[in-house]
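J.: Here's a structure for you.
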Amino acid sequence: MSTYYPRTKDLTRTRKSLTDSPPSSPSPTEKSYRHDRLSRYDSSGESATDKPLGRTSSYTRRETRLAALNKQEQDSTTKDYKKMYTEALHENERLKSRLQDSKQELSKIRSQLEKVTQRHERISERSTVLESEKREKQALEKKVSGMEEEIKILTELKSDNQRLKDENGALIRVISKLSK
């Protein structure tokens with residue numbers, strides 16, 4: 001126990017010297033004191049020399065248990081990352097296939113649109129041709145109706161001419177009988 005007290009005394013001296021000194025960059029001696037102090041403390045913050053010998057095994061068991069729990073957490077997070085990675089890969093593949101399907105569908109729709117556009121152009125060309133044909137037909141119908149009217153007039157004139165010829169011949173006969 002005599003070795004136990006001097007270390008504690010040195011530790012309290014180091015603490016006092018550290019707290020009394022103004023904040024500045026630590027000197028090499030202060031660094032070594034701090035290193036000594038830190039090396040004497042375990043993760044629980046108690047001095048290794050302050051622990052009774054019976055408690056050391058419980059602390060090591062606790063540390064072992066904590067390390068095992070940490071390892072399990074790391075394994076589970078690693079597994080979670082692996083699982084998330086595989087899920088992300090699966091999702092990417094699914095999205096790639098959907099994208100490919102969409103591209104194929106888009107190309108089909110584009111080809112259909114081109115066909116419909118070509119048909120529409122042909123139909124519009126046909127409709128323009130049909131419209132011009134309709135106009136021509138109407139113009140021809142007007143000409144035909146005009147010609148029919150002229151034919152009617154001509155037939156009437158011919159019949160009038162024939163009638164006049166007949167009347168003229170009858171008058172000539174009458175005049176010739178009167179002159180005899």
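Glycine too: its Cβ is placed from the backbone N, Cα and C atoms.
From a predicted model like this one, the values you see are computed outputs, not experimental measurements.
Taken from TrEMBL, the feature compositional bias 'Basic and acidic residues' covers 31-40, 111-125. Feature annotation from TrEMBL assigns domain 'cGMP-dependent protein kinase interacting' to 80-180. TrEMBL lists 1-80, 111-130 with the feature region 'Disordered'.
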J.: How many helix, strand and coil residues does the region 'Disordered' (111-130) contain under DSSP?
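T.: Once the DSSP states are binned, the region 'Disordered' (111-130) shows 20 helix, 0 strand, 0 coil.
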J.: Please give the average pLDDT for the domain 'cGMP-dependent protein kinase interacting' (80-180) in this predicted model.
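T.: A mean pLDDT of 91 is what the predicted model shows over the domain 'cGMP-dependent protein kinase interacting' (80-180).
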